Each structure stands twice: as C-alpha cells, then as structure tokens.
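Sequence annotations record features per position, and here Swiss-Prot assigns Ca(2+) binding site to 38, 39, 78, 288, 289 based on similarity to another entry. Taken from Swiss-Prot, the feature active site, nucleophile covers 78, and the record attributes it to similarity to another entry. For 78, the entry in Swiss-Prot reads 3-oxoalanine (Cys), with the evidence type similarity to another entry. The active site feature in Swiss-Prot is assigned to 141; the stated evidence is similarity to another entry. The N-linked glycosylation site annotation in Swiss-Prot covers 203, 423, and the record cites sequence analysis as its basis. According to Swiss-Prot, the disulfide bond annotation covers 308-419, 489-518, 501-507.
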C-alpha cells in the first residue's frame, strides 16, 4: 500500500505540474466537482443498461472517463450518507444514527435537534488548506439549527435548502422549508420557489444549474482552485422537472427529471471545456442512496438487477451509479471493479489537493487515485449499517447478511413496500431476522439480486465466512461510536424563523419547546 501511495503521489505531482503553474511557480491542484444525486438508482443511466438510453451526456462522461459498477452509499438513507461523504467516516462514527429502536433508519427532518458535530472535519474545511474556494448547491441535510449551517463547516457559499423539498405545509403545524443564499433565507419551497405537485413542474433544477455555472465562471477568473458540491434533489419524491423537460421521457415524470439532470451535467461539462479547464477539473457523479422503490413506478427509479431499494441494506438500497471524469488523466472508457464508497470522495479529494486526511481519527474512505490513474485495486470491506446495527458486509464478491429486514408487517399491510415485486423467501423479511450465527452469504458476481444464498455446508461458504468474520471483528473491536445525533426531536426547532426571515416578512412563531424521542418506524 505504501508503494502504491508513493507512486500515486509522484504521478499526481507530474499531473499537477503539467496542468499549470501559478505565479509563484507552484503547481495548482485540480478543481473538484462532486455531483451528488438524490435517490437516483444504479439502473437509471443508459451506460448502466437503462433501456430508453435517455442520458447521453452522462453516458459520454463514462465513455470519456471511468465507470465504477461496484460503488456504494455509506447508508441506505440521505442524511447519514451525506455526512459520510463530507467526513470520510461511517455514520456510526459521526453520530448520524439513532438508538431509538433496533436497526432503525434515521435522518434530519425539520424537528431533529441534532446535526453534524463540531469536532468533525468536513471536506471544504480541509480543502481551505490548499487554497480552495467552495460552494454547496442544493440539499445540505446535516442539521437545520444555526450551529449546523454549512458556512460554519467550511463552505464559502451556499444556495439551497437544509432539507428536501417536502411539503407544502400550512406554516402553522409545520413551516415550509426555507431556501438559503449563504447565511440567510431567500424564500421557502412552495412559496417563492414553487413546485406544482399536480403537473410536476418546477424550475429548481435550472436554478441550481445556473448557480453552478456562475460559480465556475467566477472562480475560473480568479485562477484559484475551487470545490463545487452540487447536491440537487430532483429525483427525490415528489419528483419535479422544468416545463421544457416535462413529458419528454419514455419513463414518465421520473424520467423527465433524469433527462433534465443529464442535460444539466452536459452543460456543466461543456462550460469546463469552453473555459479550457476540463483538463484541470476532476468530476465525480454518484447518488446518496438507491432509488426509492416505495415511490415507484411514477416517482421512483431503477436499481437495475439489484434487490430492493432505498431504506434497505440489500444491494438496491446502497449500490450507486458512479462515474469519474478527468480528461487527460483518467484513461477514457475504463471500468474499475474497485469496491468504492461515497466516503472515498473525501479522501480522494484531499489527495487531489495534495493534503493528508486527519490523523487523529479513523477515516473509512480510500484514496481512489490508484484505481483511477493506474488501474490498481485495493481490497477493502463495505459495511452496511441500519442505525447502529451492522446488517451486512461485503468483501470481494461475497456479501454476508447478519440481519435481514425490509420494513414492518404493519407498514407493509398499509402499502409501504421497499421491495415491490421482489419478495425473496427467507431473504426479504418484514420482521427483523437475525443471522449472526450463520449469516446468509451471496456471491454478488453470480447472484447480484441476492436470491440464492450459498449452502452453509459448502467450502465456498465456509471460506467466505472466515474472511468476512475476521474483517468484521477487526472493525467492531476498534469502533468508537459517535454520540447519536438523531434521537431527539422538538417541534420548536423547525424552520419557523430562519436567519433573514425578518427582511422578507416571513418569520413564524414557534410552538412551545417539547423535546421528545424521535419515532423511526423502519
């Protein structure tokens, strides 16, 4: 590993030197664009086999860059996965989990009291050490209260929202969610930023696109490196698209949203080419978790051959589309079978900037540059957590399930189904089933749909079990969980009076403060 890292650093030094020198003669590190989608599935892109082939720009990105077919979210739900991307650490370490029930998914609704803890070092904070200017466009989702604001955690600019575009609300029992520019709100969803739930029309993706284009143009003129985290939420239900894209897809409204995203990515990449900075800009496209099959077929995407979707620790819940693009550096048209994670984007971005990850804490993200630049593969596990429960682990081609659960029988009988049409006897369960003594093990190469567990008596099973058990033991013995952030809710902390509401005349009166345990049903 040391030799690989040294070789990668040497290669990167040559790359940076070739990319351009600043006035002092020091090489300038590349710009970094992380494009994070919301609830987009592995099977939603043409390059991943989506039959309508309506993503020409993303497909071209893959043809000019590198595809990662085995790339994972850090959690099957939005907030924990986003915290992991920006810290390089599993959500169990940063406190993005709940202990209010066994194996419960949790996130950051308006009433959540917690958020990203101050001791965590976020990627934009660290990139400042290499002179990067940074902006987040879109969904933050790491806490609503003022102390969790993204500009307090390293970002220089923000246009977007602390949550998804849920609503509309009546502003009495629950306020509509604010949209911020930097420190202050500039309106609310369904008010200044309309979304027509009947037609699906909203101009939000175009607004987010323009924010990205304007930032890139401004930063290019400064000749300093920049970091853009473009975290839009268009494919999260309720799905929306602008008028020009509505009705243009063979896949309905969800496909319209995907087409608009594809067009937006094409325009961003086109601008990089026009400004002649494509060769000095690293771009990575992925999603925060699997497609929400519970919203399908009209409001949910495709997870391809994989089982179930968002909220579950089956492959469909956590395996993501992933494309790396860096012309002249990442060889074109390549497929990497490196097991990757959104946490790797933290470590890889630091490596691109010539920085080391913090040494005072466990970092779970790998540097993907050896895989991207040299085709080298690093063996590493993928851990699948639901709350503070380790549900499964993958090593190589083998995945072991220690617990299985989709969602409760009560919810299922009410029509909530995270695996519609995909029931696998003994695998997809509506009660929490423990397999810690004899895990269910699947070979994901032969059986990506997790339908045929290996025989407990087979040599293949025993060999895979031995290797995975060792890795899991090492992980659990050294694990120091963070203080849980997603246990306490309080209606008084919702977005009643965000900063800037006075200027707009949009301050609302909060209710009495009543802290209580958050209820997480699945």
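Cβ coordinates are placed from backbone N, Cα and C, and glycine is handled just like the others.
Swiss-Prot feature annotations superimposed on the structure.
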residue	record	Cβ contacts under 8 Å, 6 or more apart
38	Ca(2+) binding site	78, 139, 164, 231, 232, 233, 234, 235, 236, 287, 288
39	Ca(2+) binding site	78, 235, 236, 237, 287, 288, 289, 290, 291, 292, 295, 300, 301, 310
308	disulfide bond	290, 293, 314, 315, 316, 317, 406, 418, 419, 422, 428
423	N-linked glycosylation site	none
501	disulfide bond	178, 185, 507, 508
518	disulfide bond	98, 100, 106, 111, 112, 486, 487, 488, 489
What is the interatomic distance between the Cα atoms of residue 203 (N-linked glycosylation site) and the residue listed as 'active site', given in whole Å?
21
Just to verify: the residue among 78, 419, 489, 507 with the fewest other Cβ atoms within 10 Å, which of the recorded positions is it?
507
Determine, for the Ca(2+) site, the additional residues of the same chain whose CB lies within 8 Å of the mean position of the CB atoms of 38, 39, 78, 288, 289; present them in sequence order.
37, 40, 73, 77, 81, 82, 233, 236, 287, 292, 310
For residue 38 (Ca(2+) binding site), the three-state class that DSSP assigns
coil
Greatest C-beta neighbour count within 10 angstroms, which of the recorded positions 203, 289:
289
Where does residue 78 (Ca(2+) binding site) sit by DSSP, helix, strand or coil?
helix
For residue 288 (Ca(2+) binding site), just count the other CB atoms lying within 10 A of its CB, please.
29
Can you tell me how many other Cβ atoms are located within 10 Å of the Cβ belonging to residue 141 (active site)?
27
